[in-house]
Each structure stands twice: as structure tokens, then as C-alpha cells.
Amino acid sequence: MSIWRRLSLFVLASALCSCPCRAEDSAMENIVTEKKAEESHRQDSADLLVFILLLTLTILTIWLFKHRRFRFLHETGLAMIYGLLVGVVLRYAIHVPSDMNNITLSCNVNASPATLLVNVSGKFYEYTLKGEISGSEVNDIQDNEMLRKVTFDPEVFFNILLPPIIFHAGYSLKRRHFFRNLGSILAYAFVGTVVSCFIIGLLMYGCVMLMKQIGHLGGDFFFTDCLFFGSIVSATDPVTVLAIFNELQVDADLYALLFGESVLNDAVAVVLSSSIIAYQPEGDNTHTFEAMAMLKSFGIFLGVFSGSFALGLFSLTPFHVTKFTKLRDFPLLETALFFLMSWSTFLLAEACGFTGVVAVLFCGMTQAHYTFNNLSPESQERTKQLFELLNFLAENFIFSYMGLTLFTFKNHVFNPIFIVGAFLAVFLGRAANIYPLSFLLNLGRKHKISPNFQHMMMFAGLRGAMTFALSIRDTATYARQMMFSTTLLVVFFTVWICGGGTTQMLSCQKIRGFLEQSCLMMGFLCVQQIGPDGVERRSTKQESAWFFRIWYNFDHNYLKPLLTHSGPPLTATFPACCGPLARCLTSPQAYEVCTLHAHSGLIILYKADKTEGTSHLSLRTVR
């Protein structure tokens with residue numbers, strides 16, 4: 001037998017002997033992998049159970065507070081307290097046994113790759129980057145992994161939790177009071193937010209320079225970072241105050257000013273922060289002032305906001321076509337389509353490079369004003385309850401998570417000078433927003449914004465879900481980590497102290513509740529507000545701004561009949577020459593619309609003859 005023949009037989013025998021060993025190793029490896037996957041599944045289920053129990057405990061305590069009429073602490077502040085307690089337990093009381101299979105190897109690389117391929121005995125394994133840990137925490141890698149599992153991806157907040165909150169704000173908006181105070185609301189939301197952002201940014205830059213001089217600054221912190229911090233803490237969320245306002249029936253104009261400002265300035269803060277991030281001067285130093293770069297950022301602000309606004313208004317146009325269909329005969333399908341198209345507006349705006357917060361806010365306002373009238377009664381009730389529930393759960397989840405992250409987030413940077421400066425800057429920025437603008441607005445308002453209203457608006461500038469979501473979205477640098485840690489403290493203080501003191505502040509400013517009644521007088525909508533002392537305040541649409549009166553007439557006569565079943569049919573409002581087009585665009589349900597004429601005691605029925613293209617009025621006396 002030749003040497004090659006013997007060598008071939010030896011290799012074949014070795015392969016036959018090694019095959020069972022390799023097969024056994026592969027089987028054992030699969031068993032270990034399945035066991036780890038099962039343990040990971042159990043850990044994830046336990047983490048989600050923690051949040052479910054947090055929400056359950058919060059809801060039960062809320063019921064107890066409402067039953068006892070306890071207004072000192074709102075449900076959001078309560079959710080944060082429970083989150084803090086659970087965070088303390090997870091951080092200091094629970095320790096996961098170390099896994100002896102973890103191996104720490106050292107190699108020199110110039111960067112931290114997002115994905116790493118490791119060759120182990122001829123097999124390639126893929127590892128993903130989870131974040132940096134300090135050298136002192138290497139031995140506690142299992143505890144770090146447990147805390148990391150209860151830390152959500154920031155995109156979860158933006159794509160899943162924020163859309164229902166913002167949409168519900170627009171969908172539940174009291175439009176009559178909102179549009180009656182529209183000019184003041186826009187001034188507070190746009191001009192006030194920008195002024196607050198720059199004042200906070202300038203003051204914080206002074207704090208940063210002071211920290212740098214005394215050696216308390218541990219990393220880079222530029223002026224653009226200070227402006228970014230000013231933009232995110234300028235977003236107000238007075239959910240606690242508004243809940244108490246609603247319960248006590250506080251003046252409708254004060255409620256509209258606070259609620260409208262908080263809704264719109266969230267959108268402005270998001271776009272403003274994106275514009276600041278987009279500020280890129282030419283040259284090596286990207287943090288110097290340059291006029292062209294600033295104008296470019298301003299252009300980005302206007303472009304992103306207007307594009308998001310237009311997308312929010314027109315993204316639901318296909319849904320209005322369903323007024324000519326029988327979709328309302330299937331309320332479940334109607335509600336599902338309404339929900340999906342509303343959520344897709346947010347995602348479409350983000351995918352197109354716009355801001356989903358702005359788009360979904362105006363989408364909610366458009367849905368409430370137009371699409372709601374096309375829905376069946378069952379779908380109208382379902383959508384209101386559905387988004388109210390989603391808003392409640394998402395908001396309380398975020399506030400619970402805020403308390404949790406105070407102890408589970410691993411890269412906190414707490415600097416006393418920066419924290420004190422932040423509280424002072426937030427206070428001065430809010431004051432610069434409210435008082436000067438109120439003075440200027442009162443020059444043109446018939447119903448003045450009284451000093452006690454201004455003090456209440458100043459006090460009610462709480463920070464909440466939007467501020468937290470913007471700060472947690474990027475915590476990669478030293479500056480962003482310090483901003484995030486300080487933002488948490490600002491939110492805690494404003495929700496607990498300012499939110500908890502709302503009732504006392506109302507009493508101190510002698511702001512009492514009003515009973516609101518609506519009526520029709522001489523064909524105009526009349527709102528009566530009767531105070532505790534019996535003094536009556538009455539306002540009609542004739543007292544509204546001229547622009548609003550023109551818009552109301554155009555909307556009532558043309559847009560609502562075009563997009564919905566409500567309002568007079570287009571055959572009654574279009575010129576006679578447009579009769580065929582009016583008949584084509586008017587739905588069958590709109591051919592009989594009743595409106596109440598309170599002065600004459602008549603019901604006016606609009607009836608249109610589709611065959612002859614004429615319309616006439618039928619008067620019926622109400623006894």
C-alpha cells in the first residue's frame with residue numbers, strides 16, 4: 001500500500017472519529033443557546049410585568065385620591081414616586097449572579113464598531129454594541145445588563161408613546177375657546193418659546209463658563225448645547241394644572257391659553273431643537289457664530305414646521321372620500337381605519353424628514369373638526385374613548401419611567417452649579433415669556449389677561465413628557481448626559497411642587513370657578529360664564545377676531561359640507577351655475593340638515609332636489 005493510500009485512510013478515519021464529537025458539541029451549543037433565549041424571555045417578561053404593576057398601582061391610588069378628593073398630588077407625580085421606588089429596588093436591592101462564561105479579552109481598536117464578528121474555533125459570531133461601561137463596573141456586568149433591559153430605546157418614546165399623547169391633545173381640543181384666543185396662544189407658543197429658549201441658553205452658557213473657570217467641567221459643552229437645552233426645557237406640559245382646572249371649572253379663557261400654549265409650544269420646541277442641531281457653520285470650528293448658518297437653521301425651522309403642518313392637514317384627505325361610501329355601516333372597520341391613518345401621519349412625517357409631533361397634532365385637530373362628523377355614532381364614541389385611554393396609559397407610563405431612570409440610567413452627570421443655574425434660567429425664561437407678551441397682547445385684547453391670570457400661567461409652566469423624550473433621545477456625549485440628568489430634576493420639581501400647589505395658587509390669586517352655559521341668540525352662538533358671585537360674562541362670535549369670523553363663515557358654508565356630512569348642502573351655498581358640481585360633491589346624508597333658530601323658535605330643514613338641481617328651505621314650528 002502506497003504512502004498516499006495510507007495517508008488517505010488515516011484522514012478518513014480521523015474525520016469519521018471527529019464527526020460524532022463535532023455533532024455532540026453542536027448539539028450542546030444549541031441546548032445552551034435555547035436555554036439562554038428562554039432565560040432572556042423570562043427576564044423580558046418580568047421587566048414588562050414591573051411596568052404593568054407600576055401602572056396598576058398608580059391607577060388604584062388615583063382612584064383612592066379621587067374618592068377622597070385629594071388634589072395635592074396628581075397622578076403623574078404619583079407615577080414618578082412609584083417609579084423612583086422601583087428604581088431604588090432594582091439598583092441596590094437586586095443583584096444577578098455573575099455568569100462564569102463571560103470572558104473579557106483586550107484588543108486595540110481605534111473606534112467602537114456597532115457590530116463585531118468574532119471567530120471562535122472557525123465559527124463566526126455576531127456581537128452588537130450596547131454601550132460603554134467604566135472599568136470599575138466590569139465585574140458587575142450582569143447587574144448592568146439587568147438595568148439595561150429596563151431601559152427602553154428612546155425611539156420607543158417617539159414612535160409609540162408620544163403620538164397618542166399629542167394626537168389626543170389635538171383631538172380633545174376645545175376649539176371654540178382655542179380659536180377665540182388664537183392670537184394670544186400663537187404669541188405665547190412661537191414668540192414666547194423662542195425667547196425662553198435663547199434666555200435659558202444664554203444663562204446656561206454663563207454657568208458653563210463659570211464651571212470651566214473653576215474646573216468643574218468634565219467635557220466639552222458648547223453654546224449650541226446650551227441653546228439645545230433651552231429648547232427642550234421650554235416645552236411645557238401642565239397636565240397636572242389642567243386636570244385641576246377642569247375639575248374646578250376654572251375660567252375657560254385661562255384654560256384655553258394654558259392648554260393651547262402647551263400643545264403648540266411642544267411642537268415648536270421639537271422643531272426648534274432640530275434646527276439647533278442642524279446648525280453647521282463652514283470651517284473647522286463648527287461651534288462658532290456664522291450668520292449664513294443661522295439663517296439656514298431658521299429656514300430649516302420654517303420649512304420643517306410648515307411641511308409638517310401641511311402634512312398633518314392634508315394626510316387625511318383620502319379618509320374624507322369615505323363619506324361617499326357605506327364604511328360607517330361597519331363601525332369596527334371604520335374605527336380601525338381612523339386609528340391607523342392617524343398614527344401613519346406621524347410616521348409619514350418622520351419618514352419624509354419632517355416632525356411627526358407637529359403633523360399628528362394638526363392631524364388630531366383636523367380629525368376632530370371634520371372627520372369626526374363623518375363617523376358613525378358608535379365610531380365617534382369609540383375613537384374618543386380609545387385615544388383617551390391610550391393618552392392616559394402612555395402618559396403615566398412615561399412618568400413612571402422617569403422615576404425609574406433616575407436610578408437605572410448608568411451615565412448620570414449631576415453638577416450642582418449647572419442644576420442651580422438651570423432652575424434659575426427656567427424661572428427667568430418663563431417670566432420673560434409670560435409677562436412682556438401679556439403686556440403687549442393686552443394692548444389689543446378686549447378681554448385683558450389679568451395679572452392674576454399671568455401669575456397663574458407663570459406658575460403653571462410645568463415640564464413633562466416632551467421635555468423628557470427630547471432629552472433622552474441622545475445621551476452619547478458628556479453635555480447631553482448632564483442635560484438629561486438636570487432635566488429629570490427640573491421635571492420632578494415642577495410636577496411635585498408647582499403641580500401640587502395649583503389649588504393653593506388658585507386660592508392665593510383669587511381665581512374661582514365659572515359655570516359655563518351655551519345658547520343661541522339672534523343666530524349667533526352665545527357663551528355665558530356665571531361666576532360664584534352671580535356675575536355673568538357673555539360673549540358671542542361677533543366679539544371674535546374679524547379673521548376668525550371670516551374663517552368660520554367660509555368653513556361652515558363650504559369646507560364642512562365639502563368634507564363632511566354636516567352643514568348646509570353645497571347646493572344651497574354654491575352659485576347656481578355650479579349646481580352640477582355641488583350635487584356631485586355633496587353626500588346623500590347632507591341633503592337634510594337641521595339647524596336650530598332659537599330666536600324665532602323654528603327648525604330650518606335644508607332640502608335639495610337632486611333631480612332638478614334646486615334647493616329650498618322648509619320651516620317647521622317647534623312647540
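Using the three backbone atoms N, Cα and C, a Cβ is placed for every residue, glycine included.
Feature annotation (TrEMBL): of 156-173, 264-281, the stretch labelled transmembrane segment is 156-173. In this chain, the transmembrane segment (478-502) lies close to the transmembrane segment (77-94): three or more C-beta pairs between them fall below 8 angstroms, excluding pairs fewer than 6 positions apart. When the stretches 77-94, 185-211, 413-432, 453-472 are ranked by Cβ pairs under 8 Å to the transmembrane segment (156-173), first place goes to 453-472. Proximity of distant same-chain residues to the transmembrane segment (336-365), defined by a Cβ-Cβ separation under 8 Å and at least 6 residues beyond the stretch ends, is recorded for 158-159, 162-163, 166-171, 173, 175, 263-264, 266-267, 270-271, 274, 304-305, 307-309, 311-313, 315-316, 318-319, 322, 327, 371, 375, 379, 383, 386, 466. Highlighted: of the candidate stretches 77-94, 185-211, 298-316, 453-472, 185-211 has the greatest count of Cβ pairs under 8 Å to the transmembrane segment (413-432). Same-chain residues lying 6 or more positions outside the transmembrane segment (298-316) and placing a CB less than 8 Å from one of its CB atoms are 267-268, 271-272, 274-275, 278, 341-342, 344-345, 348-349, 352-363, 366-367, 371.
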